[in-house]
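Chemist: Structure below; questions to follow.
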């Protein structure tokens, strides 16, 4: 395994999660955690993976820079040094892998699992608390930013943490990530206004990105390759647990303590995690030229991408709500989003030594189509999960806990469908029909949810949610395999990273777009009801129950909320339909044996 030609990338899939890529101590070994395969399968794959040094040499040698260019010389020298180091001798981390075992390894794994749990659960725990947060801070119209602010910093920064940990060491970067995350959560818990809460969420996202990326890298550092799949499989189980517990815990805290504990909850757990990491995790930091390592970090690309996403989401959320769609503010935001996205593409293609998004992979048809589909899946899932609790809380009068429990059929159906589709694909190698059928089923489920109403029978509603969940679950697992099989073997790690990034971005766009649809439709429908102050009702829906509103008027307001929620599904159903059509253009390529999941030993 120490030979460059025998290096491997271990691809571990879970459902659905942000993903991490990191270099292990094994020369040429990359560790990838994907979003597609269900964790309970225990299925893992080993694929040949080119070393980072080989990639650096390839890029440098293909550059049009003059032969005597000093920057090129630096790249080649750095790559040659790394390759030489890989080729012989024993890395300090090899001894660490042999030494860490027993109780120490167990405690380290607990710490790493807790860090993953914190980052994962912080995405979904707020879903059922959103109505109460908006009411408590008297700014319900901005609740979408509670989720968006976290995702905005969370997504673009994930790829950077691996590089930063190469420069400063694994443990210091994990510790800083935890501290930043906890600071953000503390700000959220104590926030007196919605603006402060949103700022805290953005800070928490900066730390959360590291909490997801770095445990994968650390496992590669301390666990030998032949045992690594088992430990990474545990991480998949952590995500599944966080996905199910998040909405329920958010509801329990909101109903029985205060919504502020959805954020304070992370502080004691984060404190325990910090202690475990500091006391038990020891990873030797391999030296290297600081400036050369720092030059490889794509800060410019990450900042350009972040700016593009921020301006795009601001335009979507504020359009028609804070400003008219044709206002100079919204138009300028869209223009700035395009400008920064073009800048990002230029940086990635022409300037970045190691781009955070490997744009050259999009020339592969199946990879491009799989990423387009997963972006749409991200829109569908979080666009639904974050606004169904609004319906349950305001229209039905359900508690936050009850709203969380009502999301379980959707979430469990997705996990179950991912399991089954993964098994079928592993045994048959068939994936195109599964994807297309999955999107068709999701389209039907979303179409049925357009019929949702205040007095719908619970069994009927659960059935609709299960149909949607099964459809989405069928797609995520198999789309990952399409993305991986659609690129050369040496690019599988980068393809997995990009796939997860597209899913996260789709989730952010889904939340933003559905927020705009909900708020715009509410404003229009409520304006037609006599005696209703649209701004007051949309900012603080609790006024509907705390003020003396006539029964007929209250019924009209609830009907307006039902109609606005329906519009979300009216939009999402065609989105799933478009994804179904796009999936039809996926070309069937026999899955490489190294990508077909096999039970872990």
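Each Cβ is built from the backbone N, Cα and C atoms, and glycine gets one as well.
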Chemist: Looking at 68-93, 198-223, which one is transmembrane segment according to TrEMBL?
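Modeler: The listed stretch tagged transmembrane segment in TrEMBL is 198-223.
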Chemist: Can you tell me which of 173-192, 325-347, 407-426, 564-586 gets the most C-beta pairs within less than 8 Å of the transmembrane segment (433-452)?
Modeler: 564-586
Chemist: So if I exclude everything within five residues of the ends of the transmembrane segment (105-130), which remaining residues of that chain have a CB under 8 angstroms from its CBs? That is, six or more out.
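Modeler: Residues packing against the transmembrane segment (105-130) from afar: 17-18, 143, 146-147, 150-151, 154, 174, 177-178, 181, 185, 204, 208-209, 211-212, 214-215, 218-219, 222, 231, 234-235, 238-239, 241-243, 245-251, 253-254, 259, 262, 265-266, 269-270, 272-273, 276-277, 280-281, 385-386, 389-390, 400-401, 403-404, 407.
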Chemist: Are there residues at least 6 beyond the ends of the transmembrane segment (261-283) whose Cβ is under 8 Å from a Cβ of it, and what are they?
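Modeler: Distal contacts: 93, 96, 104, 107-108, 110-111, 114-115, 117-118, 122, 125-126, 129, 169-171, 174-175, 178-179, 181-182, 185-186, 188-189, 200, 204, 218, 221-222, 249-250, 253-254.
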Chemist: Using a Cβ-Cβ cut-off of under 8 Å, list the residues of the same chain that are 6+ residues beyond the ends of the transmembrane segment (495-518) and lie near it.
Modeler: 11, 16-21, 32-36, 143-144, 147-148, 151-152, 154-155, 158-159, 309, 312-313, 316-317, 319-321, 357-358, 361, 367, 370-372, 374-383, 386-387, 390, 476, 479-480, 483-484, 486-487, 564-565, 567-568, 571-572
Chemist: Find the member of 142-161, 173-192, 564-586 that has more C-beta pairs under 8 Å to the transmembrane segment (295-319) than any other listed stretch.
Modeler: 142-161
